[in-house]
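Quick look at what Swiss-Prot annotates:
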type: BINDING; residues: CYS7, CYS10, CYS23, CYS26; note: Zn(2+) binding site
type: COMPBIAS; residues: 40-53; note: compositional bias 'Basic and acidic residues'
type: REGION; residues: 40-63; note: region 'Disordered'
type: REPEAT; residues: 111-194; note: repeat '1'
type: REPEAT; residues: 205-286; note: repeat '2'
type: ZN_FING; residues: 3-31; note: zinc finger
Amino acid sequence: MQHPHRCPECDGTIRETDTEHVCADCGLVVTDAPIDHGPEWRTFSDDPDHAPERTGAPLTRSRHDRGLSTEIGYSARLTGRKRRKFARLRRQHKRATIPSKADYNRIYGFTEIRRLIGTFGIGTGLRDQACTLFASAQTAGLLHGRTIEGFAAAGVYATCRTNGVTRTLDEIAAAARATRPELTTAYDAMNRDLGLPTGPIDPREYLPRYADALSLPARIERQARELVAALETDGLVAGRNPSGVAAGCLYTAATETDHAVTQSAAAAVADVTPVTLRATYQNLTDA
């Protein structure tokens, strides 16, 4: 068994310094250049308030290269000739960073996903999942003949569906740069070819948001949950719009407790027609 403080060549004594371990007898350098885990003392930025650091941004799946690429910075201290030189270098560097049309499309799709995620205030974890889903669809060749915007919106919608975040197709389509048919076509392709773990949406997931939009108290929401459970027991939820079921149960609960909520207001919150809402209301009142 080799002793940690003995030379592996001559079994001599190891002399330790700040930067290396050297054998005192034969001069063999056993280890050198250890990792310095201490702080950085120098700054490489023109900003005097910038914290001295060598590390960049953390790795993220919301960037086409996971954030590993570098950038050529700007400086006001350069002369005109050097400024033009670095402008050319920056242009060539950007071309090298995006070598293919597929990378360019991925950058555009990820940018659209980040915009949609910011619009709905969804967390960065779901953002990374949506970007990963978009990249998987691109790798599988699903984007051929379809719009990038549609798949970006479909990635956000699919991520919301698989994580229990209640966002309807119409809500996503209203904020996206894709039409609703483009979104549904892309989502159907993802669901079919990628095998998304999506199941039926529980109408109860919509109740907190709809109750807040209609300014209804918590007890109305609790009563609406009981009405949803009653519809499920009678088998009247399967095959119906879960958003409309949630709005219908809230409207019914509000009506039974004399809260002033109109059918049109409840339908508008759920983005359904009053006819859809009345169907749920009729099922509950006939029960």
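Glycine is treated like the rest: Cβ placed from N, Cα and C.
As a whole-number mean, the pLDDT of the zinc finger (3-31) in this prediction is 79. Other C-beta atoms found within 10 angstroms of the C-beta of CYS7 (Zn(2+) binding site) number 21, with every protein chain shown included. Within the same chain, the residues at least 6 positions away from CYS26 (Zn(2+) binding site) whose Cβ sits under 8 Å from its Cβ are CYS7, GLU9, CYS10, GLY12, listed in sequence order. In the shown protein chains, 13 other C-beta atoms lie within 10 A of the C-beta of CYS10 (Zn(2+) binding site). In sequence order, PRO8, GLU9, ASP11, GLY12, ALA24, ASP25, GLY27, LEU28 are the residues of the same chain, not among CYS7, CYS10, CYS23, CYS26, whose CB sits within 8 A of the CB centroid for the Zn(2+) site. In terms of DSSP secondary structure, the repeat '1' (111-194) contains 62 helix, 0 strand, 22 coil.
All protein chains included, CYS23 (Zn(2+) binding site) registers 19 other Cβ atoms within 10 Å of its own Cβ. Residue counts of the repeat '2' (205-286) by helix, strand and coil are 61 helix, 0 strand, 21 coil (DSSP-based).
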